[in-house]
Amino acid sequence: MATSLGSNTYNRQNWEDADFPILCQTCLGENPYIRMTKEKYGKECKICARPFTVFRWCPGTRMRFKKTEVCQTCSKMKNVCQTCLLDLEYGLPIQVRDTGLSVKDEVPKSDVNKEYYTQNMEREIANSDGTRPVGQLGKAPSSSDMLLKLARTTPYYKRNRPHICSFWVKGECKRGEECPYRHEKPTDPDDPLADQNIKDRYYGINDPVADKLLKRASTMPRLDPPDDKSISTLYIGGLGDTVTDGELKSHFYQFGEIRTITIVQRQQCAFIQFATRQAAEMAAEKSFNKLIINGRRLTVKWGRSQAARGKEGIKEGVSEMGTRLDPVPGLPGALPPPPALDEEAPANYFNLDPGTAPSVINITLPPPPGINPPPPGFGPPMFHPMAHMAPPMPPPMSMRPPGQIHYPSQDPQRMGAHAAHGSRHGE
C-alpha cells in the first residue's frame, strides 16, 4: 500500500471505515438475502490510493464474487457505484452522463493535487445532507432528455456472470461442470469493449462503452424546430377516442399560453397552437417520444405553414401533415396520358375510323314557331352529294316521336359504332 498503517497519525485519520457499501441494484444482485464479508482497510482505492473498507459478496447463483473497487469518497464525488463505477441514477458511464448534463469535472491525477482535492470534497460531503451529489455534478441540471432515453430502467444481472475459463478455451479445463468459470467462446479480441480500464471509466476518457452509447444517442430520432419562426403549432397524433381537449390542455399549459386546441376526430389528431414560438419549442422538446396520456403514446410533430400545405397538397397520396396515405381499395386506376398528337395529323375527336370516308352533314335548324317550312325540293339540300355513301342520318329533332330525346353527342355513328348501327338496320 502507498501508506502503511503506522506511517503517521494524519494519514490514518483519512482512512475509510464504512459499515455498508454504495452499490447499484445490478451489482447487489437479485437475491434479497446475501452474505457479505467486510475487511477493514483491506485494499487501496484504485483512484485516490487510500486504504478503505472492502466488501465482498456473491450476487446470485452461478454468478462471480464481486467486491468494492473504490472508496466511498470517490464514489460520492462522482455519484457512482463502488464496484461498476456506473452512475447510480441512470446506470450509464460517467462520460455519457457528463456529456448529457454538460458537466466538465476534471479530477486531478497527480498525488498532491489529488489529495488536496479529495480533502476539499470530503469537507463538502460532510456539510451536505447526502441527498445530492457534490462538486460540479451538484450544480448541473437535474435531468437530460438524452440520458432519459439511454438510461437503463431495469437491472442488468447478466453483467455479474463469471469470466470465461481460459483453460477451457485452450482445451485443458479438467473441472467440467464444477468449474466456476464460463465455458463459452470468447469475443473478438479486436472488439473495443474487450479492453476497459477502471481509471479511464472514472475520469470519463477513452471509455469504449461510453463511445458506443454516444453513437447510439447520435442516431436516435429527434424533433428539430422548423426554420419558419411563424410556426407555433404542434401536431398531436394517435389520440384515439379517449383523449379529450381538456387532457391535452392540462399537459401542455405548463409550457406556455395556449391560443387554440383543435381536435380532428376523424383523423384522431389535434393541433395545439401556442401564443409564442418559445413555448411551442419547449413543449416539443419536453414531449417528443415521451407523451403518454391515458396509457396511449402520442405522436408529437411540428405543424406546417400555409405555403407548405399548398405545396404538399399538389403531391398525390400525401396528407396535410406530410404522411403517406394508404390507397383505398376498389377505386379505378389513373387514366393513361393522352397520346402525343402530331402537328400535321388531323385531330380525330370522335374516334372515327380513318379508312372510311367522312360524311359531311348539313343539318338545317327547324324554323321558328309561326313560320311554315318550305315545300320539299325548294329548300336547301340537307345532305351532301356524297351522303349516299354514308349511312342514313337520324331524323331531325322536330320529326322524332314525342318522348324520345336524342342528342348529337349520343349519335352512335359519331361515336364510331358502325357495326352496331348496321346490325340494327339489318334487323
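Even glycines carry a Cβ here, placed using N, Cα and C.
Range 402-427 is the one annotated as region 'Disordered', of 168-193, 402-427 (source: TrEMBL). From the options 159-186, 355-382, the stretch TrEMBL describes as zinc finger is 159-186. DSSP places the residues of the domain 'C3H1-type' (159-186) in helix, strand and coil in these numbers: 10 helix, 2 strand, 16 coil. Residue counts for the domain 'RRM' (232-305) under DSSP, helix first, then strand, then coil, are 22 helix, 26 strand, 26 coil.
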